[in-house]
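Asker: Feature table excerpt (Swiss-Prot):
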- 2-81: domain 'GST N-terminal' (DOMAIN)
- TYR8, ARG14, TRP39, LYS45, GLN52, LEU53, GLN65, SER66: glutathione binding site (BINDING)
- 83-204: domain 'GST C-terminal' (DOMAIN)
Amino acid sequence: MPPYTIVYFPSPGRCEAMRMLLADQGQSWKEEVVTIDTWMQGLLKPTCLYGQLPKFEDGDLTLYQSNAILRHLGRSLGLYGKNQREAAQVDMVNDGVEDLRGKYGTMIYRNYENGKNDYVKALPGHLKPFETLLSQNQGGKAFIVGDQISFADYNLLDLLLIHQVLAPGCLDNFPLLSAYVARLSARPKIKAFLSSPEHVNRPINGNGKQ
């Protein structure tokens with residue numbers, strides 16, 4: 001029986017980074033898929049601590065909030081930097097990822113038709129900090145922090161991949177980010193995950209917009 005269980009909707013959403021992390025680290029997990037119809041029936045929501053998914057189970061530990069889950073996996077699997085300095089930087093990067101993910105989600109779910117063009121125009125300014133961070137770490141040839149992968153790398157990779165679908169070519173002016181995506185996506189277990197039917201057949205967002 002896999003030690004981990006992900007309870008979530010049939011879309012990548014807030015769980016694809018943790019799925020990539022688990023796959024890359026050779027961990028197995030169980031998926032409990034919650035359809036929109038099931039969620040709308042209203043029976044599951046009151047049982048969730050914050051009234052939302054994902055729900056994550058690690059043995060007898062149940063967690064909510066996707067970034068708390070990523071941090072838990074980072075600590076338990078050694079993906080949180082090599083020292084406190086790197087851990088602080090990993091937190092900073094992940095918070096930056098979540099800032100942009102929040103903007104992306106607002107546009108996708110609330111203002112796609114009228115807001116997409118303005119969002120894409122502003123995107124370079126949001127991507128630049130990550131290019132800068134890469135340039136400051138071993139010339140951009142390693143990870144976003146230090147010389148070993150962290151949970152923030154998986155979250156950033158997921159964010160960049162969905163933006164490449166939204167705006168193909170968005171990384172053309174960011175050579176370090178472009179190489180970073182190619183490099184991480186080529187890691188054997190991530191490559192296998194990204195080409196798996198489970199990943200390929202899931203719509204990026206619950207409303208079908210991407």
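In case you wondered, yes, glycine gets a Cβ from its N, Cα and C as well.
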Asker: Once the chains shown are all counted, how many other Cβ atoms turn up within 10 Å of the Cβ of TRP39 (glutathione binding site)?
Answerer: 16
Asker: Ten-angstrom check, please: count other Cβ atoms within 10 Å of the Cβ of TYR8 (glutathione binding site), all chains counted.
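Answerer: Neighbour count, Cβ to Cβ under the 10 Å cut-off: 21.
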Asker: Provide the three-state DSSP residue tally for the domain 'GST N-terminal' (2-81): helix first, then strand, then coil.
Answerer: 31 helix, 18 strand, 31 coil
Asker: Which whole number is the mean pLDDT over the domain 'GST C-terminal' (83-204)?
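Answerer: It averages 96.
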Asker: What whole-number value in Å do you get for the largest C-alpha pair distance within TYR8, ARG14, TRP39, LYS45, GLN52, LEU53, GLN65, SER66, the residues recorded as binding glutathione?
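Answerer: Farthest-apart Cα atoms in TYR8, ARG14, TRP39, LYS45, GLN52, LEU53, GLN65, SER66 are separated by 18 Å.
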Asker: When DSSP states are grouped into helix, strand and coil, how many residues of the domain 'GST C-terminal' (83-204) land in each?
Answerer: 92 helix, 0 strand, 30 coil
Asker: Would you mind ranking the binding-site residues GLN52, GLN65, SER66 by how many other Cβ atoms sit within 10 Å of each Cβ and giving me the lowest?
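Answerer: Comparing Cβ neighbours within 10 Å for the binding-site residues GLN52, GLN65, SER66, GLN52 has the fewest.
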Asker: Of ARG14, LYS45, the binding-site residues given in the record, which has the fewest other CB atoms within 10 A of its CB?
Answerer: LYS45
Asker: With every protein chain in view, what's the tally of Cβ atoms within 10 Å of the Cβ of LEU53 (glutathione binding site), excluding that atom itself?
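Answerer: Other Cβ atoms within 10 Å of LEU53 (glutathione binding site): 21.
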